[in-house]
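Residues annotated as N-linked glycosylation site in Swiss-Prot: Asn170. The topological domain 'Cytoplasmic' feature in Swiss-Prot is assigned to 1-14, 87-91, 253-258; the stated evidence is sequence analysis. What Swiss-Prot records for 36-59, 113-230 is topological domain 'Extracellular', and it gives sequence analysis as the kind of evidence. Annotation source Swiss-Prot lists transmembrane segment at 15-35, 60-86, 92-112, 231-252.
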Amino acid sequence: MASAAAATTEKGSPVVVGLLVMGNIIILLSGLALFAETVWVTADQYRIYPLMGVSGKDDVFAGAWIAIFCGFSFFVVASFGVGAALCRRRSMILTYLILMLIIYIFECASCITSYTHRDYMVSNPSLITKQMLTFYSADSNQGRELTRLWDRIMIEQECCGTSGPMDWVNFTSAFRATTPEVVFPWPPLCCRRTGNFIPVNEEGCRLGHLDYLFTKGCFEHIGHAIDSYTWGISWFGFAILMWTLPVMLIAMYFYTTL
């Protein structure tokens, strides 16, 4: 009788059940947050996808799509895990563990993919510079798309080129092929403008007067945009994985006691 009572107590340990319920509630809430965060990433609020797409390093967004699936799956499976813990059924716990392991692997792939491609773009300003010089003002679909992107960034962020206006002077470019340096050494949108979008002093800008020319580069803004996407996908994803692992280990222990 005593051994049977002990087995029953072991099987229905309120501490283990409580830990599983609490852990899975946090996972399901985190899954919803990850889902919302990665939907925001795929919406591309900074509108820099063309910049990453032309380099073939747009897998930050591929990682986001995987994370959308994983975020929703974390919510569903963690909700199931709460029920499995409360029901104390081996078959339900085993199903929960198998499903969670599959999601865990996919989320690992999402985090690693996003971070590695982010590192390739952000740690290499020369790549962004090369793209800008190659495609800005180029007469192609990619050229027109990249030209619109750079025009918008330079206007909104009040910047010029990747590192500064001298990018357009020190290197050959598609822009230079269409606009000689004596006509305009850098794109006219590098000029400071009034509230009515009129250049403050176009001639002063053309001559490089610092009061009429944007002197900072745009790479800081581009890097910040890519970092923002990566933090949402990779680092938050890694945080969820770090929490999920001990919850899964507790679930494995709980399974052995049933």
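Every residue gets a Cβ built from N, Cα and C, even glycine.
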Inset, instruction - Note down the number of other Cβ atoms within 10 Å of the Cβ of the residue listed as 'N-linked glycosylation site', including every protein chain shown. - result: 13
Inset, instruction - Run through the topological domain 'Cytoplasmic' (253-258) and tell me, per DSSP, how many residues are helix, strand and coil. - result: 5 helix, 0 strand, 1 coil
Inset, instruction - Go ahead and report the DSSP secondary structure tallies for the topological domain 'Extracellular' (36-59): helix first, then strand, then coil. - result: 13 helix, 0 strand, 11 coil
Inset, instruction - Run through the topological domain 'Extracellular' (113-230) and tell me, per DSSP, how many residues are helix, strand and coil. - result: 70 helix, 4 strand, 44 coil
Inset, instruction - Determine how many residues of the topological domain 'Cytoplasmic' (87-91) DSSP places in helix, in strand and in coil. - result: 3 helix, 0 strand, 2 coil
Inset, instruction - Sort out the residues at least 6 away from either end of the topological domain 'Cytoplasmic' (253-258), same chain, that have Cβ-Cβ distances under 8 Å to it, and list them. - result: 10-11, 13, 16-17, 20, 85, 88-90, 93-94, 97
